[in-house]
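As annotated by TrEMBL, Zn(2+) binding site applies to CYS58, ASP60, HIS111, CYS114.
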Amino acid sequence: MITQTKETQAALNPNAAWELLKEGNKRFVDQNQTDRNLLTQVVETTTGQYPFATILGCIDSRVSAELIFDQGVGDIFSARVAGNIVNEDILGSMEFACKLAGTKIIVVLGHTSCGAVKGACDDAKMGNLTELLSKIRPAVKAVSEPADAAERTSKNIDFVNAVAEKNVRMTIDNIRNQSPVLKEMEDNGEILIVGGMYDISNGKVSYM
Ligand SMILES: [Zn+2]
């Protein structure tokens, strides 16, 4: 495993970038992580960075993109916000990452037992969290089953995880609808925009 350079980044197409992440998660699950010298990578990336992927994930302490995809210094842009939603600032970060810095893929990564999703399911209100959770509420409403209100709370983990998956899909739609820059790149085949769900019980990412 080498540190990404301008040449290695340029040589990757979006599908190959996706494969690199899938292989990385398999190494993580198999406990076969790449033996890296991180400080060597620090030195090697001093004059520039050529990451191949942009990952939008949750702030959850168990879902570190670099760890679960077995990536090193300079490999990925990692945007993290509770509930892996987008707003203008996250979209701007992604546009920088793809259009200006050359990453080939955007992964929206949800996860099981997400606290932010649970909060949205329960329609929790607290400070600035209220506004954040309002961005997940459309996913709660979009999951129709179960219909019984008593079953549509954070206590029903199957419901919570269904909302988390729907939230990933709706976030991808929001990226396409709210960022003409990224939509055009996707339409031109310059990037992929994909979704994944990380299972906090076994370390596996399932792909949508
Ligand atoms: Zn979460």
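Using the three backbone atoms N, Cα and C, a Cβ is placed for every residue, glycine included.
Remember, TrEMBL labels are computer predictions, not curated facts.
Since the structure is predicted, the reported quantities are computational estimates derived from the model, not experimental observations.
Cβ proximity to the Zn(2+) site centre (mean Cβ of CYS58, ASP60, HIS111, CYS114, cutoff 8 Å) flags the following additional same-chain residues: GLY57, ILE59, ARG62, VAL63, ALA82, GLY83, ASN84, GLY110, THR112, SER113, GLY115, ALA116, VAL117, ALA164, TYR198, ILE200. Sequence-distant contacts of HIS111 (Zn(2+) binding site), defined as residues of its own chain at least six apart whose C-beta falls under 8 angstroms from its C-beta, comprise GLY57, CYS58, ASP60, ARG62, VAL63, ALA164, MET197, TYR198, ASP199, ILE200. Highest Cβ count within 10 Å among the binding-site residues CYS58, CYS114: CYS114.
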